[in-house]
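For reference, the structure is listed below as structure tokens.
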Amino acid sequence: MISLDFNFNVLTRDLCDLSHYLENQVKVGLFGSGVGLSLVLGFSAAYTCYYLLSVAKKPQLISGGKKFYHFLREQCPVVSETYYPTFWCWESRIQTLLRPFVTAKPGVVYKNELIKAADGGQISLDWFDNDDSLSHPDPATRPTVLLLPGLTGTSRESYILHMVQQSRDLGYRCVVFNNRGVSGETLLTPRTYCAANTEDLETVIEHIQKTNEAAPIMAAGVSMGGMMLANYLGRKGRETCLKGVVVFSAGWDVFKCTASLEKPLDRFIFNSYLTSCLQASVHRHRPVLEKCYDIDHVMKAKTLREFDERFTSIMFGYPTNDDYYHDASPVHRLKSVQVPMLCLNAADDVFSPSHAIPVEAVKQNPNLALLITCHGGHIGFLEGLWPRRSTYMDRVFKQFAKAVIEQGSVLQDLSR
């Protein structure tokens, strides 16, 4: 546990070190006077005050029931701590863009498994069995954490590797569900994936349960992976073996999320790039996909909306793209979730804007809790002077996973 005092002291020490450095480097100011030093120190003091007063804030914890709320406050102290974003990159887009480059990628050796889907396709799973676990040496009962990456992500994303590392420290097993066609496997049928369709996820969870019947299972989903998890829970209700779920940076209302990403700056920075990534995946599997879809038309899409209109909505049989977006939006299924689910969102996330975060829907379901930080961007949540080792998101994951696995009996009936 990292206390508030510790965080504040570390931050203050870092800023003092910066001030001392500047003072030593700038012995005299502009043109031989002390004006430059005064300006630098004055700016540093003003920036520090602004950061501490306006940027570093405690997250907002919202839950539909007192039992889940108090459970989180007691078992996951991170939900009550002030979140100190990295002081030199706390802005939303910067956090989002820098996270893949500044965070370390822990070394993880996976065991790959390909399982068959009902339509004849194949699904790639990457297992980390954690056979060196001291707290759970028996593989038959070793807790399993299912991880779902984002839209074009795989088991090699830094945020996935960090969660595997955190699970390894807890003694748990991990399995990463790679969506069809994204991790190098051959696409056997003309079908990929989308946030609304949970058939592959159901197949994966059933397979994991049969593989280790005595092991408790929880899941974590990031971005689109979180949307898929939430939609799955909304459809299954109590008919799932998952003990708990944590969701990071999910898009709750696809209409509002897509509109946010179509604003000029965000379209330039994020929308076009993600569209090109999806098109690259389609191109890799063109021989099997072009039998059913107009791939030339798909490759001319300029935005995510155009891609979904020309490819995703057609693949999954929706009359219109609006029908697909409505079905893919987890906000419509939150009332049916019957498993404890913690959701972390940043209020400044352009992928899932603050007005799309389902605060009122969460308040109506005792199985749901929402943790909202003022800053953090999309899957960013960087903290510390040089945020290489761990993020705020990592700490939320680790504490919640441990609480669900080791104290989960408390959460069996949150409606009381």
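Using the three backbone atoms N, Cα and C, a Cβ is placed for every residue, glycine included.
In TrEMBL this protein carries:
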| type | residues | note |
| --- | --- | --- |
| ACT_SITE | S223 | active site, charge relay system |
| ACT_SITE | D349 | active site, charge relay system |
| ACT_SITE | H378 | active site, charge relay system |
| DOMAIN | 143-250 | domain 'AB hydrolase-1' |
Cβ proximity for S223 (active site, charge relay system), under 8 A, sequence spacing 6+, ordered by residue number, returns P149, G150, L151, G153, F248, S249, A250, G251, F351, H378, I379
Secondary structure composition of the domain 'AB hydrolase-1' (143-250) [DSSP: H/G/I, E/B, coil]: 39 helix, 24 strand, 45 coil
Other CB atoms within 10 A, centred on H378 (active site, charge relay system): 26
If you average the pLDDT over the domain 'AB hydrolase-1' (143-250), what number do you get? 97
List the same-chain residues at least 6 positions away in sequence whose Cβ sits under 8 Å from the Cβ of D349 (active site, charge relay system), in sequence order, or say none. S92, T96, S249, G376, G377, H378
